[in-house]
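See structure below.
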């Protein structure tokens, strides 16, 4: 008799320990409107899937909670808000439907329960859903040149319209640009052909909300350093006058200003005021030019040299006499 009583008491205590531990571990102190008691978790596998992981602007996403052997199951849905580790039970009009439409970003889970026999599944794995905000991301290139050459320095800048006081973080494409921390600028120093690709960006408001992707900038980096080309319409300077020198860059591109040299290439430029316009020179000698643009300045190759000569007074006078002689011949 004593041994039987002890055996029953032992089974009672074991049953209490097992069921009590499962309730605390799995469900804590959650209350249910229908007053049902919490059972132990069943062995039914539950899976949460999303039609797509990002909610489009002013759109929605459908979640599906799938339970293995789903006959008779009802469904509960939970969400963790940005910055929170606490899951919140979402109100549901129809607990019999294994689908739910959502319009907010967050971490979502679901589980199923059944009355007869009474079973509650474990929570599904978390599914992260992002929400698209109305702010617009715009990507710009500084300097905004249509062609970039090997060795130049450029900056891609991501700007958020009406960003306000939000502390945005930024996400870039390609993915290898997302080395934390991610700022709104991506600076390329000493560009190479490897930087030739498509770039875009978006702003992230928090863990589960971001802008749409920005416009795409297609960057093409030329492998060769361009060369300057120097031209002179006249190479002989008349007495008391000057000739015009014109410098350009081949292949043609925008943003260039020009450095002018007389004598050796290593000499100081003829003027400290850079300009894209031609210059006039009145001294003979060997002339060179090269282009420069950007900050820090990126230089082209030097042009080929041009030799400018200065005419003497005798040459000019002789030329005038010949012109006068030709004029008399025409009159006769």
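For all residues, glycine too, the Cβ spot is worked out from N, Cα and C.
Please treat TrEMBL annotations as automatic predictions, because they have not gone through curation.
The signal peptide annotation in TrEMBL covers 1-22. The domain 'Ig-like' annotation in TrEMBL covers 39-111, 117-220, 226-290.
Using DSSP to sort the residues of the domain 'Ig-like' (39-111) gives these counts of helix, strand and coil: 0 helix, 35 strand, 38 coil. For the domain 'Ig-like' (117-220), DSSP puts the residue distribution at 6 helix, 47 strand, 51 coil. Across the domain 'Ig-like' (39-111), mean pLDDT in this model comes to 90.
The domain 'Ig-like' (226-290): residue composition by secondary structure is 0 helix, 32 strand, 33 coil, according to DSSP.
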